[in-house]
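Quick notes on the structure that follows.
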Amino acid sequence: MLLIILKACVLSRQVDPKDYMFSGLKDETVGRLPGQVAGQQFLIQDCENCNIYIFDHSATITIDDCANCVIFLGPVKGSVFFRNCRDCKCTLACQQFRVRDCRKLEVFLCCATQPIIESSTNIRFGCFQWYYPELALQFKDAGLSIFNNTWSNIHDFTPVSGELNWSLLPEGAVVQDHVPLPATEELKAVRISTEANRSIVPVSRGQRPKNSDESCLVVLFAGDYTIANARKLIDEMVGKGFFLVQTKEVSMKAEDAQRVFGEKAPDFLPLLSKGPVIALEFSGDGAVEGCHLIVNEIFNGTKMFVSESKETASGDVDSFYNFADIQMGI
């Protein structure tokens, strides 16, 4: 009897590949709800003029031979690979992103490593901007940090002299104009927002030209409220007209702190063992002063590193992000 029950349990856990695939669809809206993929691999192939939404985390996703599709992919633990696709508009989060033999893609991206394009043209990138209640936990389940996003740092394996195979979408691009929300009753049950200030991933300017020569580095140390504090600081700074340039979550050792924080390092050494730090770079005229005012007013008593002056800030930013890029192998 026990053997029969065990066999039944094993059979019930067997995966049917058809449940993790959209293939040969045309003019359809399809998707998977939170909990329906649960970390499995997924395949999307030979779809035309479809709206496809994966509201769950997955292991890897491959998209082959698709045209005129809208695609949303929840957090992907490994790689997302587009091959031989054209005229698709996407929002997605992943560890690795690769495009080969594609043309005319628009991608609102969160990617932990440098995105790669190969033998592709007219690929346009923006920063991931999306929210639904289950998304934060899905990022954790996929092993992704919402603060590690190199969406604009593109590497083109096959550059053409005098041409650019990729570009950044306009800064004011509205996500819903490119990747509309699902219209079917089943998928509308997911409570989605695409407002920038609600996005799970902080919306950063990335490698767009800066509007000001002044930057400010803030480093928050691990604790119970670190993510909430980072979000609050971003909201306050952006609300006062400053720009979030980039973010990073990374572990630091004592020697890293000496290099990045200089003579202030001893203040922060005891905090490094609690977990990774979160770094935020802001830009805008008066960013350093503005940041100090907000930190002193709202986060008084919470130990943070904040650039001391306009003159030292750019050096702070370079020191930290050079260290972080080496640490993460970017």
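The backbone N, Cα and C atoms fix where each Cβ goes, and this holds for glycine too.
What TrEMBL says about a protein is an automatic prediction, not a curated fact.
Per TrEMBL, these features apply:
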DOMAIN    7-159  domain 'C-CAP/cofactor C-like'
BINDING   Gly78, Ser79, Gln95, Gln96, Phe97, Arg98  GTP binding site
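Structural mapping of features recorded in TrEMBL.
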residue : record           : Cβ within 10 Å
Gly78   : GTP binding site : 15
Ser79   : GTP binding site : 17
Gln95   : GTP binding site : 19
Gln96   : GTP binding site : 17
Phe97   : GTP binding site : 26
Arg98   : GTP binding site : 21
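For the recorded GTP site, residues Gly78, Ser79, Gln95, Gln96, Phe97, Arg98 set the reference point as the centre of their Cβ atoms, and the other residues of that chain within 8 Å of it by Cβ are Thr60, Val76, Val80, Phe81, Cys94, Cys111, Thr113. Site extent for GTP: among the recorded binding residues Gly78, Ser79, Gln95, Gln96, Phe97, Arg98, the largest C-alpha separation is 11 Å. Per-residue pLDDT, averaged along the domain 'C-CAP/cofactor C-like' (7-159), amounts to 95 for this model.
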